[in-house]
Amino acid sequence: MSSASTLIRRTAIRDYGVYLALIVLVVVNVVITPNFITTDNLRTQLVQVVPTLVVALGMALVIGTEGIDLSVGSVMAIAAALLPLYLGYGVVASILVCLVAGALAGLLNGSLVTFAGVQPIVATLALLVGGRGLALVIANGQLKQLYNPDLLALGSSSVIGIPLTVLVALVLVVIVALLVERTTFGRQLVAVGGNRRAAEFAGLPVKRTLLTVYMLSGVFAAIAGVLASARLTASDPSSLGLLIELSAITAVVVGGTPLTGGRVRVIGTVAGALLMQLISATLIKHDVPASVTQMLEAALIAAAVLVQRERRNGR
Amino acid sequence: MIAAIQRHGALVVLVVLLAAGGLMFRTFLTAYTLGNLAVQASFLAMIALGMTLVIISGGIDLSVGSVYALAGVLAAYGSTRWGLAGALILPLVVSGVIGLIQGTLIARLRMAPFIVTLCGLLFARGLLQLITSEGSTTYLVPAGSAFRWLGDGTVLVVIAVVAYLAGGVVLQRTPFGMRLFAVGGNEDAASLMGLPVARTKISVYVISGLLAGFAGVMSAAQLGSGVTVIGVGLELNAIAAVVIGGTMLTGGAGAVSGTLAGVALLFVIQELINQLGRFNSNMQAVVSGAVLVVVVVLQTLLSRARRQR
């Protein structure tokens, strides 16, 4: 009886801990942070979390297959570098080029993982190293101001008070949630991550699933690159997306998707990204030095994962 | 045959590239050029040595780049306060403790190494920022300090070579090395055999922390100060060197000699690109990434072919 209730309590903390932490942090902020509940502030927080959130959505899918994608930051930079090159053909064409580049980057990662059998961390590491260089080569190493009014509108305009970039992120969240929960592809993804060999024996299209997942991650990273550039009103291939792979992985894991694969928690990932954003925003607002912020974040990530860890935890 | 190629693949490529470099550039195969490369490579070599042991145990250590930078600053700080002893003891104690905490979380609380050492990366970088007042304070090693001789190029290379010899002996000839392979190969089996799994895993993270810390000490001795901006992304170079050297990330197998060849390969490729002079630094990153892909794919295919036989 007592052990059963302990188990239920532990499961509850594991599954809902991230929401609980988010609620607690919001309440704390309402109490201690002046001007926290203002539309301006909430809007700023949401706009700032968009790139990490979008990247994390793709990352959640990859991690669901027991993979990882370290190349997302470099793919963002590649997209940012390509964006100004094709603006002459219109914003849509230019963004399409970026998305295709993201898909190709994902195809490269996915092929290395699927056909060559290279471990995901190493396969995507190569693109992390090479991709940033490629972005700088494309952009000739320069930061470019973006002047296209349509693109700038994407970064700064709002619909019924909600910033456009936030709406885009919201749509992507819904799409990924439906993909995972309601489609055959989603079930195959989880099956591949749970036990790849069993999925192969069951006749599931394992290779196609893995390729698709890495391509989706690449496309999402490219979208994040476009959205971030539109908001910055500049294409900055040298620093855009630097270390974002770590924030995205953190959001996914804090949100309850285990690194061992076999489960994808989309809404948890959203909560994880919001939680990380809110933690750093809170600390900055209260003039905590960046160094202490970083150390506290590390401790909080460790605490979150410690709470969620399962009895049989691999690596 | 395949096993031999896979095991010594990095070495073969290294020899080929050195020969090519020697044919293309008269200055390439000189003691001066190669000596310089060896000195530059000695820091990554120390870090990659620890990474090899961690990866053989089935884990990964992402914190090494931050620990390297942190130890460098602590060494410079220590040398200003307590001379040579401070420059050595302070950074090594701190990096050893970071390794101990990481290892304990991984081995005793069964948390994922990737996450724990990612936190270690953030934590060590934060600590580094804290003790340098957000990067604005620079600690200089006093000019006449006995600590400076440690930074002499020859001394650095000798230290790295000795560390690799010791690493090889520990891995191949000691009970600890045997336990490491057993734990990385099959943790459950190792546990059933009664091996001290947790203690072995903790030791490996402590060793990795100490080696990264010592590399930081070496850098402070050579540069004459603690540099706050170094070491970013170094963990990835170290992982790359280990993998290029034939140690698989799945754990349970590997050798430090391969890692040394992997480190040398990374630096020789870099130097060749430099000498070719046609590429700017951005293009170098592209080429490095491409080379990494080729080597890793070859390694993976070879080790697969080996397993199927």
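In case you wondered, yes, glycine gets a Cβ from its N, Cα and C as well.
TrEMBL does not curate its annotations; it predicts them automatically.
Here's what TrEMBL has on this protein:
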TRANSMEM  A:16-37  transmembrane segment
TRANSMEM  A:49-80  transmembrane segment
TRANSMEM  A:86-108  transmembrane segment
TRANSMEM  A:120-139  transmembrane segment
TRANSMEM  A:159-180  transmembrane segment
TRANSMEM  A:213-234  transmembrane segment
TRANSMEM  A:240-259  transmembrane segment
TRANSMEM  A:266-284  transmembrane segment
TRANSMEM  A:290-307  transmembrane segment
Intrachain neighbours beyond the transmembrane segment (A:16-37), with Cβ under 8 angstroms and 6 or more residues off its ends: 254-256, 268, 271-272, 274-275, 278-279, 282, 285-286, 304, 307-308
Long-range neighbours of the transmembrane segment (A:49-80), counting only residues six or more past its ends (CB under 8 A): 98-99, 101-102, 105-106, 109, 113, 120-121, 124-132, 134-136, 138-139, 165-166, 168-169, 172-173, 176, 179-180, 189-190, 192-193, 196, 209-210, 213-214, 216-229, 231, 235-238, 240-245, 247-249, 251-253, 255, 257-266, 269-270, 272-274, 276-277
Non-local residues, at least 6 beyond the ends, that sit with Cβ under 8 Å of the transmembrane segment (A:120-139): 62, 67-71, 73-75, 77-78, 80-82, 85, 105, 108-109, 112-113, 235, 237-238, 245
Residue numbers, six or more beyond the limits of the transmembrane segment (A:290-307), whose CB comes under 8 Å of its CB atoms: 13-14, 17-18, 21, 250, 253-254, 276, 279-280, 283-284
